[in-house]
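**Student:** One structure coming up, written as structure tokens, with questions to follow.
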Amino acid sequence: MEIKAPRGTRDILGEEVVLWQHLEEVVRRNAHLFGYEEIRTPVFEHTELFTRGVGEETDIVQKEMYTFTDKGGRSITLRPEGTAPVVRAYLEHGFFVRDPRVRWYYLGPMFRYERPQAGRMRQFHQFGFEALGFQDPACDAEIILLAWTIYRELGLSDLSLELNSIGCSLCKPHYVQRLREYLESRKDVLCENCKRRLVENPLRVLDCKNETCQMVFREASFPNIQDFLCAECRRHEERLFSLLKRLGIPFVVNPRLVRGLDYYTRTVFEVKVRALGAQDAIGGGGRYDGLARVLGGPEVPGVGFAAGMERIVLLLERSGFPRKDTFRVYLAPQDEEGEKDLLALSQVLHEAGIPFCLDFASKSLRYHLKRAQKMGVRFVVIAGEEERKNEGFSLKDLVSGEQMLLSREELLGRLRKERKAC
Ligand code: AMP
């Protein structure tokens, strides 16, 4: 039987690769401009990093992790997200002592055992930013600005930014208590999973997508976390709001936004694009001041953001952006000597920065021209006996049908001009 890529994974190839490269370039350039350096963490980690860091009661840990025992008997998990590994690296390399304030970014594959559908994969890619050691709400604003800048530069429109605060270790427990009481009173209509979570971790109930549970969350008397924030959390939130207003970034407060990971404190946010349908989130993040502690380190404030690259590429594809740089010259040798001449010419083209594709001598001119056409290449350089006699090359323009014999210098001059005009 033919072997296919596993369900929820896919190959990225052809023209789509150009979109990925463009996205990666925009992310790297903007991260650099904002002072974020790249960090590359392993694709797998000890399972405990995620059970502790992401949270036992989260969907990710309960249902979605790719976990296996390696040949040494260790429990290993393919990373489902990037923040816990980054904080693990920060602690492991002693940044807290030598350089407590870092700004890092990453790009790479993540793995979650989810039900695949449009925009939801089992292997997907994220880029993300993490700023560790910064307590100031201006850093939350900086991260949001960076994300926003990237989305805008990519030409994405109809973005909506939802914001919330989920409080700190002082005020969050009061809300959780109230939430538990409320959910208890509506227990009869909640799904089985929510009933269980309401005991273990009521905040996680809000991740439930079940329609009946969602209706409960929308009830007018449903407790609003914004009413429970302590003075410090409120100040933090108000300052963030005023900074975002100053930056001209529109947002709405969504008091039900809690995000599916346990480690958040205070700011949480999500960016959505309605045109994407059911899987409309193209990124999200927040503050996680308690995470380093949970992972066995000291108290280190942190704020971060992660974006789903598949969904962004989908939007880029729909907008027809960016246009692929298709200029390429097809080199068609007529015999072995011609092959030599064209191989030598390819060195000169390379130096001149002109992309080329060399085919080999065993095929007829008819074949070469057909192939060039199929590849969408406009100019074909031909080298055979005739060209050798004249110490030059023939250049055929497949659009006009025109063919001319040129010296090497003339050929280069013409190709440079055509490339510029393209
Ligand atoms: P999260 O780490 O769950 O906050 O996800 C951050 C972003 O990653 C989301 O907003 C999505 O854009 C993207 N994402 C999360 N899970 C998947 C998935 N299974 N497939 C594709 N993209 C995903």
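These residue numbers are counts, starting from 1, taken along the chain as shown.
Backbone N, Cα and C define each Cβ position, glycine as well.
What TrEMBL says about a protein is an automatic prediction, not a curated fact.
Here TrEMBL flags 1-333 as domain 'Aminoacyl-transfer RNA synthetases class-II family profile'. Marked as L-histidine binding site by TrEMBL: Glu81, Gly82, Thr83, Arg112, Gln126, Glu130, Arg259, Tyr263, Tyr264.
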**Student:** Give the helix, strand or coil assignment DSSP yields for Thr83 (L-histidine binding site).
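**Tutor:** Assignment for Thr83 (L-histidine binding site) reads helix.
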**Student:** Please state how far apart, in Å and to a whole number, the two most distant Cα atoms are among Glu81, Gly82, Thr83, Arg112, Gln126, Glu130, Arg259, Tyr263, Tyr264, the recorded L-histidine-binding residues.
**Tutor:** 21
**Student:** I'd like the Cβ neighbour count for Tyr264 (L-histidine binding site), meaning other Cβ atoms within 10 Å of its Cβ, all protein chains included.
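**Tutor:** Cβ-Cβ neighbours of Tyr264 (L-histidine binding site) within 10 Å number 29.
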**Student:** Which secondary structure state does DSSP assign to Tyr264 (L-histidine binding site), in the simple three-class scheme?
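**Tutor:** DSSP call for Tyr264 (L-histidine binding site): coil, neither helix nor strand.
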**Student:** For ligand 1, which among the binding-site residues Thr83, Gln126, Tyr264 have a CB under 6 Å from it?
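**Tutor:** Near ligand 1, sequence order: Gln126.
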**Student:** Rank the binding-site residues Thr83, Gln126 by the number of other Cβ atoms within 10 Å of each Cβ, and give the residue at the low end.
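**Tutor:** Each of the binding-site residues Thr83, Gln126 was scored; lowest Cβ tally within 10 Å is Gln126.
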**Student:** Using DSSP reduced to three states, classify Arg259 (L-histidine binding site) as helix, strand or coil.
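**Tutor:** DSSP call for Arg259 (L-histidine binding site): coil, neither helix nor strand.
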**Student:** May I ask which residues of the same chain, at least 6 positions away in sequence, place their Cβ under 8 angstroms from the Cβ of Arg259 (L-histidine binding site)?
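**Tutor:** Within the chain, Arg259 (L-histidine binding site) has Cβ neighbours under 8 Å at Val268, Glu270, Gly284, Gly286.
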**Student:** So what pLDDT does the domain 'Aminoacyl-transfer RNA synthetases class-II family profile' (1-333) average out to?
**Tutor:** 94
**Student:** Give me the non-local Cβ neighbours of Glu81 (L-histidine binding site): same chain, 6+ apart in sequence, Cβ-Cβ under 8 Å, ordered along the sequence.
**Tutor:** Phe50, Val54, Ile60, Met110, Gln126, Leu261, Ala306
